[in-house]
Amino acid sequence: MAEEGIVSDDAKNTAAKPNPKLTLLPLIALIFYEVSGGPFGVEDSVRAGGGPLLSLLGFLVFPLFWSIPEALVTAELATSFPENGGYVLWISAAFGPFWGFQEGFWKWFSGVMDNALYPVLFLDYLKHSFPIFNRLIARIPALLGITFSLTYLNYRGLHIVGFSAVSLAIFSLCPFLVMAILSIPRIRVKQWLVVDFKKVDWRGYFNSMFWNLNYWDKASTLAGEVENPSKTFPKALLGAVVVVVSSYLIPLLAGTGALNSASSEWTDGYFAEVGMLIGGFWLKWWIQAAAAMSNMGLFEAEMSSDAFQLLGMSEMGMLPAIFASRSKYGTPTVSILCSATGVIFLSWMSFQEILEFLNFLYAIGMLLEFAAFIKLRVKKPDLHRPYKVPFQTFGATMLCLPPALLLVLVMCLASLRTFFVSGCVIIVGVLLYPLLVHAKDRKWAHFDAEQPAEPPLNCPAGHSSASQLHPEDADEASVGLLTDLSPDTEQEPSKLSSEEVLKLE
């Protein structure tokens, strides 16, 4: 118990120190890497779509029915609950802590599975120039070295990760901008209209589209580390939508319009060949280097979100307090190590296996998020929403309907193996929650937060629940809210702290 007290004191002392916050540009870069990281991997959409037409239409239409609704929901809920934990807070506020924990477990597990891909892909690009990485004697130490190095960068601070993501994004996207410029004289518009419906692989097509355009909600898990989240988050999400869609469409328009390649040639990594055919070997090598660097950015962004999600769940009392302990750089040390360990153990899985498992678990979690969004509109209409989707409850429900149908479609297309593995993950989450509750009741481990009675949404001045936030977490919206209240006014809603959402049912 003495050790637990020391850990708790250290965590509080560290939390009291002001840590650098994420500003707009680094947050855009982090969201970009959460969702995309560049056009690496979108080549398969041309093959699965039987030609360029369905791929181009997909990246034009899918953002309207999937990315933009998810980004709007994320903007409203992330600014209403501007603390670490993100969607765990939203689900807990709407459906209680049990479902909040399940959401957190599914999303963390899928995030770690996703992150296990990137060190492997990094080496896959390098092995074309350094064949030694095909041999296990070199590959395994390199894999561990990359994982440890990138994990250390996360440990050094989120602001460092944010600005690193900006630099990596610029480096990763520049070769495709050059390729697009060089392709202009060779563009033939009719080649964009090619499609062979007999060759369309609908399962692969929808999985490719879904995977390349999801994870907009992931950055919400570090909302507590964002400077003035009520204004920064909506702007960052809008900027990221533009960057992501452009990073897909511009290279696809250039490659498919300038070359008359068969759709079967468009597989993962084909953009390097497209660069060589349009610009020469120098452009191919640049694209390969950009792909390798992009995997670093993807790893950094995913690791940050996964670690701060565990920190937020610990601050809510769902996980032991040790997961909320911070280093001198303000980063959650134990949570980072936990996520890194999961990455190492899962890195043996193949890309296609991970893709289906990710999509299935992510789809379940997103259905729960859309349901929480609608329920909070009905159940807590006075909840302080610094940014609000400009629709009433019915309109908000209609906004969620198309992406919800897409989620159900993706789940229906999953294989039996995916159903089995995802079912096992769900069962583990259901059993883990009562075990942690029992450990908390028996004091087997130290948990920071207790679960207080439900707070009122309309608070008089001086008693706003927003006052329970750490000083560095209070943004301009909360300050304005408090200064506008008077002792006689009880109609202004307030933001909720992570502890309070646990009893909002």
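Backbone N, Cα and C define each Cβ position, glycine as well.
Bear in mind that the values here come from a model prediction, so they are computed numbers and not experimental data.
These come from TrEMBL:
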type	residues	note
REGION	456-505	region 'Disordered'
TRANSMEM	22-41	transmembrane segment
TRANSMEM	53-73	transmembrane segment
TRANSMEM	85-102	transmembrane segment
TRANSMEM	138-155	transmembrane segment
TRANSMEM	161-182	transmembrane segment
TRANSMEM	236-258	transmembrane segment
TRANSMEM	270-287	transmembrane segment
TRANSMEM	333-351	transmembrane segment
TRANSMEM	357-374	transmembrane segment
TRANSMEM	394-413	transmembrane segment
TRANSMEM	419-437	transmembrane segment
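Counting Cβ pairs under 8 Å to the transmembrane segment (236-258), the stretch among 22-41, 138-155, 161-182 with the most such contacts is 22-41. At the 8 Å Cβ cutoff, the transmembrane segment (357-374) and the transmembrane segment (394-413) share at least 3 close pairs (sequence separation 6 or more) and count as touching. Within the chain, the transmembrane segment (161-182) has long-range Cβ neighbours (under 8 A, six or more residues past its boundaries) at 22-23, 25-27, 29-30, 32-33, 37-39, 153-154, 243, 247, 250-251, 253-255, 271, 274-275, 278-279, 283, 286-287, 290-291, 293-294, 296-297, 300-301, 304. Beyond the ends of the transmembrane segment (22-41), by six or more residues, the same chain brings 67, 158-159, 161-163, 165-166, 168-169, 172-173, 176, 208, 211-216, 218-219, 222, 225-227, 232-233, 235-237, 239-240, 243-244, 247-248, 251-252, 268-269, 271, 290-291, 294-295, 297-298, 300-302, 304-305 to within a C-beta distance below 8 angstroms of the stretch.
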